[in-house]
Amino acid sequence: MKPLAIPANHGVMGQQEKHSLPADFTKLHLTDSLHPQVTHVSSSHSGCSITSDSGSSSLSDIYQATESEAGDMDLSGLPETAVDSEDDDDEEDIERASDPLMSRDIVRDCLEKDPIDRTDDDIEQLLEFMHQLPAFANMTMSVRRELCAVMVFAVVERAGTIVLNDGEELDSWSVILNGSVEVTYPDGKAEILCMGNSFGVSPTMDKEYMKGVMRTKVDDCQFVCIAQQDYCRILNQVEKNMQKVEEEGEIVMVKEHRELDRTGTRKGHIVIKGTSERLTMHLVEEHSVVDPTFIEDFLLTYRTFLSSPMEVGKKLLEWFNDPSLRDKVTRVVLLWVNNHFNDFEGDPAMTRFLEEFENNLEREKMGGHLRLLNIACAAKAKRRLMTLTKPSREAPLPFILLGGSEKGFGIFVDSVDSGSKATEAGLKRGDQILEVNGQNFENIQLSKAMEILRNNTHLSITVKTNLFVFKELLTRLSEEKRNGAPHLPKIGDIKKASRYSIPDLAVDVEQVIGLEKVNKKSKANTVGGRNKLKKILDKTRISILPQKPYNDIGIGQSQDDSIVGLRQTKHIPTALPVSGTLSSSNPDLLQSHHRILDFSATPDLPDQVLRVFKADQQSRYIMISKDTTAKEVVIQAIREFAVTATPDQYSLCEVSVTPEGVIKQRRLPDQLSKLADRIQLSGRYYLKNNMETETLCSDEDAQELLRESQISLLQLSTVEVATQLSMRNFELFRNIEPTEYIDDLFKLRSKTSCANLKRFEEVINQETFWVASEILRETNQLKRMKIIKHFIKIALHCRECKNFNSMFAIISGLNLAPVARLRTTWEKLPNKYEKLFQDLQDLFDPSRNMAKYRNVLNSQNLQPPIIPLFPVIKKDLTFLHEGNDSKVDGLVNFEKLRMIAKEIRHVGRMASVNMDPALMFRTRKKKWRSLGSLSQGSTNATVLDVAQTGGHKKRVRRSSFLNAKKLYEDAQMARKVKQYLSNLELEMDEESLQTLSLQCEPATNTLPKNPGDKKPVKSETSPVAPRAGSQQKAQSLPQPQQQPPPAHKINQGLQVPAVSLYPSRKKVPVKDLPPFGINSPQALKKILSLSEEGSLERHKKQAEDTISNASSQLSSPPTSPQSSPRKGYTLAPSGTVDNFSDSGHSEISSRSSIVSNSSFDSVPVSLHDERRQRHSVSIVETNLGMGRMERRTMIEPDQYSLGSYAPMSEGRGLYATATVISSPSTEELSQDQGDRASLDAADSGRGSWTSCSSGSHDNIQTIQHQRSWETLPFGHTHFDYSGDPAGLWASSSHMDQIMFSDHSTKYNRQNQSRESLEQAQSRASWASSTGYWGEDSEGDTGTIKRRGGKDVSIEAESSSLTSVTTEETKPVPMPAHIAVASSTTKGLIARKEGRYREPPPTPPGYIGIPITDFPEGHSHPARKPPDYNVALQRSRMVARSSDTAGPSSVQQPHGHPTSSRPVNKPQWHKPNESDPRLAPYQSQGFSTEEDEDEQVSAV
């Protein structure tokens, strides 16, 4: 077995001279691709290219292309009010947000090309897709590349098609891309092969023969085939490309020769595997152009095969003494410090290594390198919090301080007493003190700092290592000693040397060393980021100091993440401004970066607002900056209130009210800063006269404050909630160290124990249950609906913020069983939001490895920051880890490690930002408010105006002055959201949620109050074996007095044994797998011919609009919907339920059609047998029109277009003889759903969008058993016609009215089986890589695996639903509004049944003939579908008939039906509320079921 390989990553480092130090930081950014300056574009056309390093796109390119307008979501019309009311929404903008995704299938396009026509790009596309499949595991990248170049694509349309016969000669090696096949051996054993499995010849030219018979299990099976000759040549050629490095007769390293393109310019040897010692040595060897990221990959992954980093450290120190290796060693250490500084922090041995290395650099006079090392250390160092206590105020401090704002520096620790508590706490020389007891020390005089430290016995100190600035401070002090006077730079020099061009600046950091200070007012502005206010100020004020680039000090992430090629920002443009006034032994090294680490060199910019009260409750709004102190606020407040006293007579007080109503008042220290962040919602700032003891806040005011601090979700701005969620998620996401992914994946022990990763992992569960808790705790139904609407809007805005994690969590919360079952609540939701919710769900369609989501994520303009869906990240990493061996032939499989490292770099790049997290998500809010707050500002404001408005011309004229009140209100809303989110009480127990759900809407509420109110009626036939209790109920059901012949046939059909839906999913070794043969007319054309056969018929059928039902039912199925024409509504093949993806795209991998997951193995023999089998196994084996209708209704749920009747006509006869089959879930059908039937489940992702399995197994539970009875609730036994041929149109119309239950699958979230997929998903952590995401990996399409040792049971947990009439009852007029009521309290109820229009009545003059009335294979002359326009016109003119039309069967009170007349014409039945036919069902509560002998378990 050969180790995996990946396309080589071309970083800048790979092109530079290896022996020279990079001249600037651009060379230190080892990036996979260079990112341009972040420009903000609408999210539909945006997308950071999170693609592979070789330029290939990821698997998501299956649905490659743009999202059309889907993500534009120009919600500028949503005003920011306390509550976003329904009426305030801009209809146009919301609707634009809900446009469907339009994508094309690039991988399919590449596969369908002739192999000789494939370009390098095509091969890269295929390579990226194929590497996910198990069949290609442990192959080197060059082998995969060659296989992709010669593979041929084949499609087998129909389930049950024999692909290979026993004893047939094999001619190819094949891999299943979609669907599954079953191999039946002569001894009767059977084996299932799924997506990603391979079969066929072994890599020899010997003749091999098929063992057993291979049949397709599902429709639309897709394969790639490689001819035996090519397969043999490619795999045997591998050895020729290998270069083995031997030492003392043992192989210590294996390299592979690789060509990355056909030009021959990118070729060389790349390390495949080696011993740990040899891999370490390779760090300082020459690296080829095809292996530019070896050092980065090694430094990230060495921990998987080395016990200690010092093994590498010792070697590096040793090699440093070799002058020829010195530069390379320095480069490795710089990269190590920059990329993984956490390896050094907290590890004494590594800290000593770093100090020793610094000493070596000093010794060798490598000042430039040393400076870079110090910059990297300072940039990557994390803030540390330590607590010191002194016995008394007079006790001396155990450390000596230097610096101070008077020197233009912060406060630094010069020395620490050895053995003191400060040393034990981790304080060391070179630490900068950032904060003490909440007071900012970044811009404070040394004397003031010493005073604060001395006057407190309890010290909570925040420090950060900043050796770079500390050494500059020492240099300055030594210069002053020599020169005798402090150096004060001229103002002109500062301005000249510090011009910044913000758009060219791509680092999210502050200017480096602020040596120049004009006065103490030039404070360290740590709020970060430019904004609109800044732009306004710049017009009216001369900036003495340079404008500050984006930074993020004080937001929880130090300004470290983009200085020397950090993990997030992978690129610093060469166009960085020069601002160097610093003397240096090697100034050119720092010409564009020596300002990066200054914490105290920016002007004081007011971008926050405080509301300050006086004792008489007057208030003023005061503009401040983050570092404005309480003393300065007092001065401003005195001026604003026009008080004549001196500032010394007043102080700033904070008055707060506890939840118990206790008023607290405290005077704030004069030097306290960050005032806007400290104020609580239940607090106010007061200007207090020190000489008076007045009451600042009365009891009435306190009560008002208390009321204001009590927040409900509906009071909060959806935009602000989404913004705060995104900021919180992003903080967690960006703080994850790359090494944490490795530690978690390989289960390594680490100092941090992956704390950041675990926190981010937990967020998705917390947010999911937050949604459910918030909805279910609301007792008022209307408010519940509004909360659901609120969450949909929040999810929409999360998408704007590219926060896919929260968006997914919210959608998951809305789909949790206890929420989804609230039918009456969902019914009240406006159509617009229903559609929005549907579109949001669409994005996370799990089919084909989350292809739609990946496509959006990889779209070309999506720029960071991006918060990806974490479970997908974890699943991908787990697949790479578990799908490939860590050691091959006793050597470390470095190819596997390289692939994992590349994936982690891709994830890290999503967090690469160059602005403050507090601002980055606000820039996506477009023009939400008429006057944006500063916190929404951006230097790219002009770009935003153009790019984010989606072409809308309407603009709100911005005020040219600052509206402090508006800014305060915006900030107050942000505070409310923060407080709300911080005080959430989550209900994480699903049982408790279910209880709350039942309290909101008791199970009895799902029963119809009367027959005519559009509520469903229950059916009695169940496709599953009921539990014991249900069986007893079924036996007690009153039996019909006589049985029509069709029922007898059905009864015979019931004797057909049930077929297991749960074949084994065990993986089979490739060598044991049966393969394609060559007994076809042309070698290698076996499957292709099968594919072409269907293709011809498809084209024929597409031309025949008037095809007969009989012929269509018995004819060969069309080719797959993936084949062109892509969007044709071709007939679904026999045995399908739906073969169409929901957007008209083709699907290649991971997901076959619904029937691919649900078809049974038995092959229909005759029409009657087929019909019997259908009933016995509860599957629609032959509903030809179904696919089209599901397809149509899925795409346009609001428009069950009249055009749908035309394609439907081809399959009508089928429905006339269909049988009634019920669902195991508490589905409901409604009377007026026909026109707008939304059959979202037609593609596997829609039916079960939370399923990660490519096979979407829950569709077997939802679609197969829900859809089967929904599509067949009207047979000849259901209608009032039996003698004359009843109108096909009538049955079709009945089908329209009855057949579909809107959202039946989408919201049918809880198939009663506790072990069902939905239950497993909602209970398990979404982030579980081996459970929810890992188990359902790509390799097992079309089968259902065992979970937790039990088969996923389709059997209902409490009881199965039953149909109103069975084949054994006499024909009873079936009310059009068949309803299904739940006898279980936990079932999910499909919602919105009562909303849709009824379909038009049966057009007069058309008759339908049951398909059983004429022999198979012959079309009936009278079965020509009506002309569409005529039928439509007539249907509009004819009034509906009610129960008055002719006598009807009357249901006896005890449920014994009698037939009162033969049925001559199809009639629409709209019974009165007191319709006697429904009485028995009302009285019985619809809890009865058929006899158990009628029940055939589908399991």
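Count begins at 1; order follows the chain as displayed.
For all residues, glycine too, the Cβ spot is worked out from N, Cα and C.
Going by Swiss-Prot, these are the annotated features:
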- 135-254: nucleoside 3',5'-cyclic phosphate binding site (BINDING)
- 385-470: domain 'PDZ' (DOMAIN)
- Ser501: phosphoserine (MOD_RES)
- Thr644: phosphothreonine (MOD_RES)
- 717-944: domain 'Ras-GEF' (DOMAIN)
- Ser806: phosphoserine (MOD_RES)
- Ser930: phosphoserine (MOD_RES)
- Ser933: phosphoserine (MOD_RES)
- Ser1022: phosphoserine (MOD_RES)
- 1031-1040: compositional bias 'Low complexity' (COMPBIAS)
- Ser1080: phosphoserine (MOD_RES)
- Ser1089: phosphoserine (MOD_RES)
- 1111-1125: compositional bias 'Low complexity' (COMPBIAS)
- Ser1116: phosphoserine (MOD_RES)
- Ser1120: phosphoserine (MOD_RES)
- 1141-1160: compositional bias 'Low complexity' (COMPBIAS)
- Ser1159: phosphoserine (MOD_RES)
- Ser1176: phosphoserine (MOD_RES)
- 1247-1256: compositional bias 'Polar residues' (COMPBIAS)
- 1307-1331: compositional bias 'Polar residues' (COMPBIAS)
- 1355-1366: compositional bias 'Low complexity' (COMPBIAS)
- 1441-1462: compositional bias 'Polar residues' (COMPBIAS)
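Structure coloured by features recorded in Swiss-Prot.
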| residue | record | Cβ within 10 Å |
| --- | --- | --- |
| Ala135 | nucleoside 3',5'-cyclic phosphate binding site | 21 |
| Val150 | nucleoside 3',5'-cyclic phosphate binding site | 18 |
| Asn165 | nucleoside 3',5'-cyclic phosphate binding site | 13 |
| Ser180 | nucleoside 3',5'-cyclic phosphate binding site | 26 |
| Met195 | nucleoside 3',5'-cyclic phosphate binding site | 33 |
| Met210 | nucleoside 3',5'-cyclic phosphate binding site | 22 |
| Cys225 | nucleoside 3',5'-cyclic phosphate binding site | 25 |
| Lys240 | nucleoside 3',5'-cyclic phosphate binding site | 7 |
| Thr644 | phosphothreonine | 6 |
| Ser806 | phosphoserine | 28 |
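DSSP classifies Cys225 (nucleoside 3',5'-cyclic phosphate binding site) as strand under the three-state reduction.
For the domain 'PDZ' (385-470), the number of residues in each DSSP class (helix H, G, I; strand E, B; coil) is 22 helix, 32 strand, 32 coil. The two recorded residues, Ser806 (phosphoserine) and Lys240 (nucleoside 3',5'-cyclic phosphate binding site), show a Cα separation of 50 Å.
A coil conformation is recorded for Ser180 (nucleoside 3',5'-cyclic phosphate binding site) in the three-state DSSP classification, outside any helix or strand. Spacing of Asn165 (nucleoside 3',5'-cyclic phosphate binding site) relative to Thr644 (phosphothreonine) is 102 Å (Cα to Cα, whole number). Here the Cα atom of Ser180 (nucleoside 3',5'-cyclic phosphate binding site) is found 86 Å from that of the residue listed as 'phosphothreonine'.
Separating the Cα atoms of Cys225 (nucleoside 3',5'-cyclic phosphate binding site) and Thr644 (phosphothreonine) is a whole-number distance of 90 Å. Across the structure, Lys240 (nucleoside 3',5'-cyclic phosphate binding site) and Thr644 (phosphothreonine) place their CA atoms 92 angstrom apart. Summarised as a single figure, the pLDDT of the domain 'Ras-GEF' (717-944) averages 86.
Across the fold, the C-alpha of Met210 (nucleoside 3',5'-cyclic phosphate binding site) and the C-alpha of the residue listed as 'phosphothreonine' stand 101 Å from each other.
Note: the CA-CA distance between Val150 (nucleoside 3',5'-cyclic phosphate binding site) and Thr644 (phosphothreonine) rounds to 88 Å. Distance between Cα atoms for Met195 (nucleoside 3',5'-cyclic phosphate binding site) and the residue listed as 'phosphothreonine': 82 Å, as a whole number. Annotation note: Val150 (nucleoside 3',5'-cyclic phosphate binding site) sits in a helical segment as assigned by DSSP.
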